[in-house]
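Input: a single structure, listed below in structure tokens.
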Protein chains: 4
Amino acid sequence: MSRKIAVIGMGHVGSTAAHYIVANGFADDLVLIDPNTGKVEADALDFKDAMPNLPFHTNITVNDYSALKDADVIISALGNIKLQDNPNDDRFAELPFTSTQVKDVAAKIKASGFDGIIVAITNPVDVITSIYQAVTGLPKNHVIGTGTLLDSARMKRAVADKLHIDSRSVAGYNLGEHGNSQFTAWSTVRVLGQPISKIADERDLDLAELDQEARRGGFTVFHGKKYTSYGVATAAVRLANIVLNDALTELPVSNYREEYGVYLSYPAVVGRDGIVEQVQLDLTDEELKKLQISADYIKTKFAESTAK
Amino acid sequence: MSRKIAVIGMGHVGSTAAHYIVANGFADDLVLIDPNTGKVEADALDFKDAMPNLPFHTNITVNDYSALKDADVIISALGNIKLQDNPNDDRFAELPFTSTQVKDVAAKIKASGFDGIIVAITNPVDVITSIYQAVTGLPKNHVIGTGTLLDSARMKRAVADKLHIDSRSVAGYNLGEHGNSQFTAWSTVRVLGQPISKIADERDLDLAELDQEARRGGFTVFHGKKYTSYGVATAAVRLANIVLNDALTELPVSNYREEYGVYLSYPAVVGRDGIVEQVQLDLTDEELKKLQISADYIKTKFAESTAK
Amino acid sequence: MSRKIAVIGMGHVGSTAAHYIVANGFADDLVLIDPNTGKVEADALDFKDAMPNLPFHTNITVNDYSALKDADVIISALGNIKLQDNPNDDRFAELPFTSTQVKDVAAKIKASGFDGIIVAITNPVDVITSIYQAVTGLPKNHVIGTGTLLDSARMKRAVADKLHIDSRSVAGYNLGEHGNSQFTAWSTVRVLGQPISKIADERDLDLAELDQEARRGGFTVFHGKKYTSYGVATAAVRLANIVLNDALTELPVSNYREEYGVYLSYPAVVGRDGIVEQVQLDLTDEELKKLQISADYIKTKFAESTAK
Amino acid sequence: MSRKIAVIGMGHVGSTAAHYIVANGFADDLVLIDPNTGKVEADALDFKDAMPNLPFHTNITVNDYSALKDADVIISALGNIKLQDNPNDDRFAELPFTSTQVKDVAAKIKASGFDGIIVAITNPVDVITSIYQAVTGLPKNHVIGTGTLLDSARMKRAVADKLHIDSRSVAGYNLGEHGNSQFTAWSTVRVLGQPISKIADERDLDLAELDQEARRGGFTVFHGKKYTSYGVATAAVRLANIVLNDALTELPVSNYREEYGVYLSYPAVVGRDGIVEQVQLDLTDEELKKLQISADYIKTKFAESTAK
């Protein structure tokens with residue numbers, strides 16, 4: 001009875017995800033957790049002040065880890081976005097901070113008895129997803145990172161803008177790290193009934209530029225407002241909904257790929273049992289090389305994070 | 001063809017309202033305006049990054065006043081929330097700042113040829129709504145302030161919490177200034193099929209305390225997170241939707257009441273023609289006195305703002 | 001994990017309720033049951049054909065009573081609308097047919113191990129709700145009839161039409177039997193900030209005529225299209241949603257009132273535990289008399305149905 | 001200001017489309033037209049009886065052709081489904097009936113001054129769309145048939161069922177006539193990151209059987225309940241929404257293809273200006289042959305219909 005979602009970390013991203021959930025009635029019970037008690041209580045009250053003008057009702061619980069026991073999905077939005085304000089725009093700058101936080105939170109999640117699905121947004125998301133899985137001991141397919149679901153959306157937006165079409169009419173994936181080593185797997189991208197390579201030829205699209213725009217899209221937003229929120233929160237909540245209603249939707253998300261030995265973004269079928277099936281793409285040699293580099297990078301960073 | 005909404009002022013409140021609109025497909029065309037170009041462009045891009053994962057598409061235009069010409073509703077969310085961080089928690093502390101901004105913006109709205117409905121959130125909202133009407137020259141019933149639609153929601157939330165019921169099952173109004181001189185008109189509040197006075201007697205509710213909680217609710221949120229956003233943005237978007245679909249819903253909003261000679265919050269029927277009908281309540285003598293005090297306060301402040 | 005709703009009876013009302021649920025993603029799992037296998041399978045397939053064009057996914061199970069075991073809400077929409085096509089427009093004409101069906105279905109519900117909430121639409125709804133409770137042995141507050149939630153909506157529509165306002169801005173209740181002995185409790189109806197009696201005086205509203213319109217509204221629809229569907233299905237699904245998200249909303253629904261010894265419509269607070277609190281209205285003597293007559297009528301009919 | 005949709009023909013399909021619109025607030029103004037006055041008025045009243053329990057308000061106008069003047073989209077759902085109950089399950093059996101009706105209705109649409117977009121569902125839809133265009137004199141790209149948007153959905157449903165994935169995770173098109181000469185263009189179908197031919201080989205999918213299931217899907221539903229409604233109404237309303245918000249979504253719909261000289265289903269980009277861009281697929285020779293046969297069939301039938 002009821003859809004129960006928890007959001008841990010009520011900064012820009014977590015509170016935007018929570019608002020999206022409350023405004024659309026996506027959860028019956030919503031648990032909000034943040035070490036900044038003042039902030040999370042203020043958000044909870046603000047949501048309650050919205051409810052008399054909303055068509056949906058949501059039961060909100062604040063800062064109670066025991067409430068995670070029967071939650072269906074936990075969205076981890078912990079982070080310290082300020083740390084991304086570095087010359088290299090590298091999401092790994094957040095790792096020392098977030099990995100410490102996440103180990104603590106993951107232990108508390110485990111202690112609560114939670115046995116649902118974790119959707120991690122926290123950056124660097126591929127490593128953080130690994131940490132969540134390692135510490136909680138949940139099955140690997142029950143811990144998922146939003147990964148390049150967001151970057152793929154950015155790629156779709158960039159392509160759609162050029163072609164004057166709906167971004168939902170662009171199919172394809174960004175793969176690898178949700179970070180600078182990611183790439184658009186152009187061999188998977190289709191638009192207007194054709195592989196994009198053909199459309200690119202016909203219409204003089206510069207795919208390298210579009211790839212760059214997808215990868216850099218987040219930083220354009222970040223430099224404009226000092227954080228990103230709507231794109232990633234929407235991706236995370238969509239993922240949570242897909243889990244809740246067992247939609248079995250195919251999406252590029254961060255999932256554990258045996259052949260790479262790490263969590264990285266690659267399309268998978270997602271449902272109530274988390275990663276239900278892993279897709280196998282026919283990538284080009286160049287794409288395979290890029291993916292290996294991205295995987296190696298994540299692996300090294302994960303090793304560093306656990307060495308500490 | 002199409003619902004066109006503009007949001008002017010993309011701080012916490014404006015961007016939350018815009019997100020709510022985008023996430024729910026409440027507008028076909030959305031115009032976002034803010035003097036901080038970096039911020040508004042980042043928000044627009046962030047919304048576009050959300051769209052591939054959303055069921056709705058929204059066309060977004062940034063910082064183009066000429067796009068207001070055929071807008072249906074303008075939501076004014078200009079403000080400088082930091083100015084409310086004063087010892088008295090007085091929304092009038094924002095007036096010198098916002099009244100200057102609003103006069104400028106209102107002149108640009110007028111110049112655009114806009115002839116729709118303005119929904120003002122900017123504080124102090126009752127005076128700001130007056131300024132919008134005066135400068136744009138729009139009919140008085142086409143300029144509306146969210147006013148105590150939010151405070152009434154806070155009162156409902158406070159009452160509902162005490163009685164363990166849905167806040168949407170509390171009927172009644174906060175009246176007057178969206179500020180410290182407002183009050184809950186308890187004679188209008190009904191709950192569980194009874195006037196609240198009767199339920200209060202039976203269940204030992206302290207109405208004065210609840211009144212205080214409604215009035216102070218915003219500041220609790222404000223002190224917790226340094227701004228308020230979800231409650232007020234939800235109220236504003238609900239109001240915009242009611243205008244767009246000509247719902248003729250009765251709501252407490254800031255509207256011009258001839259007998260008081262000012263904009264203040266009092267229930268009215270709202271539709272595509274703005275304030276379509278003004279309600280006439282049977283208030284108690286004490287409530288009438290409070291309302292007069294609130295009206296006088298707004299009048300004085302408005303005079304000060306125009307004197308400058 | 002997941003919201004699971006079952007709809008039993010896939011005639012006009014049941015299939016409309018199911019469509020409303022599917023089109024809005026109100027359930028994760030939906031069980032559809034109907035003795036007409038061809039019809040229910042066709043509807044299920046038709047829903048699946050809609051899903052690629054919908055933002056929501058719903059898992060559909062057909063004609064499997066064992067799937068009710070862990071359902072949260074069962075909506076009973078069994079019926080034989082043709083039987084209402086009688087000279088007296090009396091919903092009790094359906095009783096011999098529906099009571100037989102319902103006893104059978106209720107036994108199967110019981111056998112499934114179901115322990116959620118039943119929302120009954122089947123007419124004559126007050127008696128049918130009693131039968132469901134008696135046969136399943138579920139707690140009285142876990143079996144609810146849509147009752148006059150629909151008739152109250154019709155009253156609101158009739159009043160709103162006269163006053164040119166939103167029907168959601170009319171507060172108040174129709175009470176008693178969801179049938180010809182029901183009545184609008186005008187003492188509970190408020191509109192435009194006033195008791196309706198005052199507005200009626202000012203604006204020459206004929207309350208007796210409006211009362212008649214609320215009571216007869218269903219038959220106007222019925223005679224026009226030989227069934228009614230949208231109003232009642234919307235009421236039932238709203239009720240189911242309120243249960244699922246534990247909204248604690250106050251609504252006039254058919255619930256067991258000790259003082260009358262029957263199920264009849266009277267406002268109550270509804271949540272995940274069904275009828276969570278019963279409201280106590282201050283009715284006029286005339287209204288109390290009408291309610292007693294209505295209760296007596298239901299009681300007699302229930303006795304007849306069990307005598308068979 | 002406002003989204004205005006008209007539904008002409010309030011049988012099973014039209015009334016389901018109207019309900020979907022009302023229940024989701026997709027239109028501010030809704031015009032319902034049907035020669036059966038009793039039916040359309042009953043539906044309108046039934047919708048109004050739903051509104052007090054809905055979060056959205058819709059203004060409904062009945063049987064007023066002059067209200068079409070400023071409508072944005074007209075959904076034509078005229079039809080006589082009984083005529084499809086023929087041994088060949090041929091939608092052309094409806095042509096003599098619907099073509100007469102449509103000519104009359106199209107003339108009235110023209111007389112109203114309507115200059116929006118027509119979305120035709122009426123069967124045989126490719127010919128009917130031609131007739132609407134010819135009689136109204138609207139630009140060819142402003143008259144669209146739902147065509148194989150529905151059949152493509154059925155193909156997706158059939159493929160998804162076999163592979164245990166979300167039907168929204170199947171990409172590809174059914175092309176040609178929305179009728180027996182249509183076919184799935186398997187060269188366009190992709191699933192699990194691969195062309196379906198590859199997946200079919202790996203998993204022993206019988207594409208001919210799936211093709212048949214897509215084509216016959218409607219008749220399975222039809223034979224089960226004597227009409228189809230949810231799939232096609234959902235497709236039509238999705239199309240209307242895409243027009244209203246100018247989403248520029250790529251969809252297989254019935255649009256006029258110069259090279260075939262007829263309306264037939266082929267992917268196109270749809271927005272506020274109707275068919276905004278026509279897609280060019282790389283079909284196989286066999287698919288091109290099938291499409292030519294389908295086009296020829298439609299052309300012959302259209303010639304017959306105008307000869308009368």
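Keep in mind that glycine also has a Cβ here, set from the backbone N, Cα and C atoms.
Per TrEMBL, domain 'Lactate/malate dehydrogenase N-terminal' is recorded for A:4-145. With DSSP states grouped into helix (H, G, I), strand (E, B) and coil, the domain 'Lactate/malate dehydrogenase N-terminal' (A:4-145) comes out at 75 helix, 25 strand, 42 coil.
Residues or ranges marked as NAD(+) binding site in TrEMBL: A:Gly9, A:Met10, A:Gly11, A:His12, A:Val13, A:Gly14, A:Asp34, A:Ile121, A:Thr122, A:Asn123.
The annotation domain 'Lactate/malate dehydrogenase C-terminal' is assigned in TrEMBL to A:148-306.
According to DSSP, A:His178 (active site, proton acceptor) sits in a coil region rather than a helix or strand. TrEMBL lists A:His178 with the feature active site, proton acceptor.
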Count of other CB atoms lying within 10 Å of the CB belonging to A:Gly9 (NAD(+) binding site): 27
Rounded to the nearest Å - Cα separation of A:Val13 (NAD(+) binding site) and A:His178 (active site, proton acceptor): 16
Inter-residue Cα distance where the pair is A:His178 (active site, proton acceptor) and A:Thr122 (NAD(+) binding site), in Å: 11
Alpha-carbon distance [A:His178 (active site, proton acceptor); A:Gly11 (NAD(+) binding site)] in Å: 19
C-beta crowding around A:Asp34 (NAD(+) binding site), within 10 angstroms: 21
Cα-to-Cα gap, A:Asp34 (NAD(+) binding site) vs A:His178 (active site, proton acceptor), nearest whole Å: 24
Spatial separation of A:Gly9 (NAD(+) binding site) from A:His178 (active site, proton acceptor) - C-alpha basis, Å: 19
Overall pLDDT of the domain 'Lactate/malate dehydrogenase N-terminal' (A:4-145), taken as the mean: 94
